[in-house]
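Here is the structure we will look at.
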Amino acid sequence: MPHAALSSLVLLSLATAIFADCPSSIWVQFQGSCYTFLQVTINVENIEDVRKQCTDHGADLVSIHNEEENAFILDTLQKRWKGPDDLLLGMFYDTDDASFKWFDQSNMTFDKWADEDGEDLVDTCGFLYAKTGEWRKGNCEMSSVTGTLCKTAIPYDKKYLSDNHILISTLVIASTVTLAVLGAVIWFLYRRSARSGFTSFSPAPQSPYSDGCALVVSEEDEYSVQLD
């Protein structure tokens, strides 16, 4: 494969990886959103402390809007993230209209509450039970949380990327473009050199005299010398 074509493929691959829909490899894409599980235990005073773990990354606590999304989160939680049995959902109980709402302000169009859940209170939070996929109600007053599931819509807001990330991405792209151009130049010089080589090594022109004629001329010269 020509150097230029190979370099172009490398450039395309790197550009795709850098500018993928999700911020980085720790995020997982599903439908129109990206998800990441922050595997750290933090001490908290209220749910806002947990939520800050996500908002610091330009995201929010997870919201779930259909059965497919719930199943995806459950499957990824079990197989990839290895999260806790009870995962805090990004919802709160609004006493003004006596209903649960999502922190990310999306509509509450789906729920999966377990049948035995009881009365809703002002300090009631929602949890995803990882063994069954059902939602449970629990007290928002907690001292610590093991793992936080964050969600953000695509496209990810680039302002939350660090300066180092942007710098590295720029350097990678610039280096790849340079390699692509260099590869194209090398390939061009190689092709030109190959064409010149065919001309340089073309067969030498034949003498107008055959070997026999040359031998006769040589013998005549020798005979003349002997007469002298």
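Every residue gets a Cβ built from N, Cα and C, even glycine.
What Swiss-Prot annotates here:
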DISULFID  CYS125-CYS140  disulfide bond
DOMAIN    30-149  domain 'C-type lectin'
CARBOHYD  ASN107  N-linked glycosylation site
SIGNAL    1-20  signal peptide
TOPO_DOM  21-165  topological domain 'Extracellular'
TOPO_DOM  187-228  topological domain 'Cytoplasmic'
Worksheet item: In which DSSP state, out of helix, strand and coil, do we find ASN107 (N-linked glycosylation site)?
Response: coil
Fill in: CYS140 (disulfide bond) CB neighbourhood, other CB atoms within 10 A
19
Practice prompt. Kindly report the helix/strand/coil residue split of the domain 'C-type lectin' (30-149) according to DSSP, in that order.
Written response: 24 helix, 43 strand, 53 coil
